Amino acid sequence: MAAAAGGMSSRSSSLLAMVFVAVAVLARAQGERAATFTITNNCAYTVWPGLLSSAGSAPLSTTGFALAPGASQAVPAPSGWSGRMWGRTLCAADGAGAKFSCATGDCGSGDVQCNGGGAAPPATLAEFTLDGSGGLDFFDVSLVDGYNLPMLVTPSATSGSGKCAATGCVAELNGACPADLRVASASSASGPAVACRSACEAFGSAEYCCSGAYGNPNTCRPSAYSEFFKAACPRAYSYAYDDSTSTFTCAAGATDYAITFCPAAPTSVKSSGQNPQAAGLQQLNDTMVYFGGGGGSPQSSGATTTSAYSSIAAAVFSVAAVALAALL
């Protein structure tokens, strides 16, 4: 009898251990996917997204890829991830196997993957900190480093408070860019603008860069240049201390994010937002070949979709249910 009781106790302990392991696996699977970013290209031309993890953050499954017009790709991010995303335009490789580069947003890697390189300004940036203070995700769209294409960030669920809401810059600003901030194609200085610099990059002064004596919100104030960006894109950061109207928060672990280049019906003062090539921009040289590498489905690029996590959860719950039933 004592032996039988001992066997039952051992069996119960084993089954309880199975339950604990199953729950731990599920918690880990859920924790590993703090959010999924779905990046979509609504532009009439190919965009090459770049992705950069902040120091100390786990790397994402990709750091760069090509998105043809109308294409989307999902990228899961782990709990606690922080970093930024942007779009590169007018990218090419100078012949077979040669260095890959982009006219705007180039990350300096020489490859479709950015491999830890950040965006060369000017570039429209989406910035995220997942699972931050107070159990919240923090995000913004920034024009502090300038602008190269329209971008919208839309959370999967919004709140009435205005803190969990879509943000971005949906206006096409290159055509309206002030002359002293304007960036043209390297092959045609008099051609259409391909990007719009910040005043900090253009002039390098402490006043515009919010540095030195201007390195605090009391002394660094909006300039005529930052107000150009703010008037067109009131929810985007226009200078370093533009926090009050430009930082958004959503519930951590419960929100996914859509990042859209050239969102529907962009507004413009002077430019139609058409394909850069159709706007008269030349290739950097006669041998450039436009690149399509790095694209494809989330599965083929190593990204894990929400449905995959659902399958993991279902499997774990099945194991837990079997173990619990055996105990009862």
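Just so it is clear, glycine is given a Cβ too, placed from its N, Cα and C backbone atoms.
Noted from TrEMBL: Cys233 is disulfide-bonded to Cys169, selected from Cys169, Cys177, Cys196, Cys200.
The recorded disulfide partner of Cys250, taken from TrEMBL and restricted to Cys107, Cys114, Cys164, Cys177, is Cys164. Considering only the disulfide-bonded residues Cys107, Cys177, Cys200, Cys262, Cys91 (disulfide bond) has Cys107 as its nearest partner by CA-CA distance. Comparing the disulfide-bonded residues Cys91, Cys107, Cys177, Cys209, Cys220 on other C-beta atoms within 10 angstroms of each C-beta gives the minimum for Cys209. For the disulfide-bonded residues listed here (Cys114, Cys164, Cys233), the lowest count of other CB atoms within 10 A around the CB belongs to Cys164. Nearest Cα neighbour of Cys262 (disulfide bond) among the listed disulfide-bonded residues (Cys114, Cys210, Cys220): Cys114. Within 10 Å of the C-beta atom of Cys43 (disulfide bond) sit 24 other C-beta atoms, taking all shown protein chains into account. Note on Cys210 (disulfide bond): other Cβ atoms within 10 Å of its Cβ, all shown chains, come to 18. Listed in sequence order, Trp48, Arg88, Thr89, Leu90, Cys91, Ala92 are the same-chain residues at least 6 apart in sequence whose CB falls under 8 Å from the CB of Cys102 (disulfide bond).
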